[in-house]
Amino acid sequence: MLPAGRRLNVPLPEPQEVPPQWLARLEHLQKGLQDVKHQIEGAPEDERQGIPFIEIVMANELPLNCRTPAIAKYNGTTDPMEHLSRFENAALLHRYTDGIKCRVFVTTFAGAAQQWFNQLLVGVIGSFQEFRSLFLHQFASSRKVQKTELSLFAIRQGEDEPLKEYLQWFNTAALEVPAATQEAKANAFSQGLLDGDFFKSLAKKPVSKFDALLARAAKYINMEEAQAAKKDGRGEKRKEVREEAPSKKPRGDLR
């Protein structure tokens, strides 16, 4: 114990100089916090005119043979998922890097989509995954309404419509319902058929799988086309006979 009234004189360490790299890191963190603040409160108009990509995205060099994909421009009025899928297929074909995908994707914008991109804050896109998420969120209202299996049961074969055309129409509609099961498609297709030979065949021997139905439908399509060709051939033959037949003069003109 020290006597009352006396103090222990401990020398304080002299202040040390902060390393330059620490100062640089501190400045970087302060700038990052300021950027976050701008994004929350709304950045100034002049700052919005910058590039939304971070430096690592811009650092990816374009290859010499890099070309813009041959797909239609997106203006914000059609399904964004369809446009994105077409672009991603092209990006896979050309083997774009993540940064290249970001920069090339912008070249497929027009109209409202281009205006939306121009208004993005500086540095908000750090990867293509972030870019696609922002894009889909922005144009979510333009996405197609997902159809259900019930929509397939509303399809009907038209009067005098060939089986082949009905099948093509049904297949096109079924592509918009990827969740439809084999059983649902088979039932919906059968329900929409006219009361013809193929319908009677299915009534006698039903199928539960749509693939099996397609195999049987092919036979009846060939039969329909053969019957139509035979009918057309007979009609053409009758026409030729009528055209080649000698004209008969009235009996009064015979001399």
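One-based numbering along the chain as shown.
Quick reminder: no glycine exception, Cβ is built from N, Cα and C everywhere.
No curator has checked TrEMBL annotations; they are predicted automatically.
TrEMBL has this to say about the protein:
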| type | residues | note |
| --- | --- | --- |
| COMPBIAS | 227-255 | compositional bias 'Basic and acidic residues' |
| DOMAIN | 104-194 | domain 'Retrotransposon gag' |
| REGION | 226-255 | region 'Disordered' |
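DSSP assignment over the domain 'Retrotransposon gag' (104-194) gives 54 helix, 2 strand, 35 coil.
Confidence across the domain 'Retrotransposon gag' (104-194), taken as the mean pLDDT and rounded to a whole number, stands at 94.
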